[in-house]
Amino acid sequence: MFVSLFGKDIYWYGVQATSLLETGNLHSPDRSPVFHIVALVFHLFGINDQSLFVFQIITVLWLTITLYGTRFLLKSPTESWNLLPSAMVFVLGVLYPKQAWAVGFLLLTYGFLFTERLTWKYGRWIFTGMFFLLTIWFHTMVGVLGIGLWCLYQFPRKYDFLFFIILGILPFWIPTDDNDRFAIDGKTFPVFAAYGMMGFGILWDWSLLIFGKNVPDRYLPIRRGLAFIGMLLVLPLFHFADIQFRILISFLLLTEIFSRYNAKQLLITAVSFGLWFYVLIQSPHLFRYAYEDMWNPGERAALFPNNGLLVAHHGFCEYYHFQFKKDCMSWEPDEKAMTELSPGKQIYRLVYGIRMENLRASTENGNPIFSIIEPLGEYQLVLETDWQRYRMWLEKRNSKLLGVAKSWKNPYRKRPGFLQRKQQYGI
């Protein structure tokens, strides 16, 4: 079995593409053609892990080609073609493939917007518009980022400080629902969150986004706009892991198209790759889940009697659904999920990070809380109803295990409304 995949969402692409091939529809409606690309790879090489790896390679190659192609469009005849790679090609291409394809088109959009190589009067605008429409088609958010950068590029820099102050106080004045897609997160400081997610590599590149100026003079205005965006992302605007980090790495790669080839850029790139490689070797879990440990518990959970729906952490669910064709959700079951449950079936949960001994020792009024505890390696399979009682029991006791029970390891948040609307059929 092939278990060398990186990325924490990669099996979701497999779920979507498999559904497309088998039913003609996506499991979760999405207008992006990226899943059709995955389906084409599956059609050519089969529905398996190796095909997902091929798709990842194609995505990284796409970003590499668009990066070098855009740099060629932007260089003058007297300048050297910057062929230095960017770590963001691999980070973005592996972690967020759908976004990566859109960012590739955004690079070309800005390449044709600023190029001096195209002498045809209307050609520049035709190609700019065409690639921008493709950007929106592949990922709407990336298209919005492209428009946002253009607006900030036109914005007088003398108002940057005022704009920064306004955005700095905004999270404390706007009431938001944590279940919204773009909820404002004023509790997490982005710099610390970035370090926790990706180590020193992301901090190095982020600091260069803000303070770096190694670009030709004619690109300094757009480079200052990018630097200002880097400063804005220091503020706690959105949920960092879900939204703000994705915005950051998109602009980190976009900045690379304007960089100049010289000894300074060579040093900057070498340090960046060195830091990212160090983080990858020291903390590979930041870039992938331990998929090699998921097969046995997934197989046994799939064969468990009357298992109608499994609740498990993000990453396991996508892997489980892809490998065993069973429903799984990485949210606390809501009314929609319960009504879609087949008659006679029950909802089970894979508990992660809490030992079986702790679960067995939990009692209420002298009776065990859990009626079923099935050990599955690093996971424990229990009934969802028992888990809800257990979590309330932990809350009453103010137990230290509550931090594990209400974390990414054990989903505790309700599925956001926008996801319920998207997932019109199936769990």
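Cβ atoms here come from the backbone N, Cα and C positions, even for glycine.
As annotated by TrEMBL, transmembrane segment applies to 53-74 (among others).
The transmembrane segment annotation in TrEMBL covers 86-113 (among others).
As annotated by TrEMBL, transmembrane segment applies to 125-152 (among others).
Residues annotated as transmembrane segment in TrEMBL: 159-176 (among others).
Marked as transmembrane segment by TrEMBL: 188-212 (among others).
Look at TrEMBL and you will find 224-241 (among others) tagged as transmembrane segment.
Annotated transmembrane segment per TrEMBL: 261-281 (among others), in sequence order.
Counting only same-chain residues 6+ beyond the ends of the transmembrane segment (53-74), those with a CB under 8 A from a CB of the stretch are 2, 4-7, 10, 13, 37-38, 41, 45, 81-83, 85-86, 89-90, 92-94, 97, 100-101, 103-105, 107-108, 110-112, 114-115, 117-118, 219, 253, 256-258.
With respect to Cβ pairs under 8 Å, the transmembrane segment (224-241) is most closely packed against 188-212, considering the stretches 86-113, 125-152, 188-212, 261-281. When each of the listed stretches 125-152, 188-212, 261-281 is scored by C-beta pairs under 8 angstroms to the transmembrane segment (86-113), 125-152 comes out highest.
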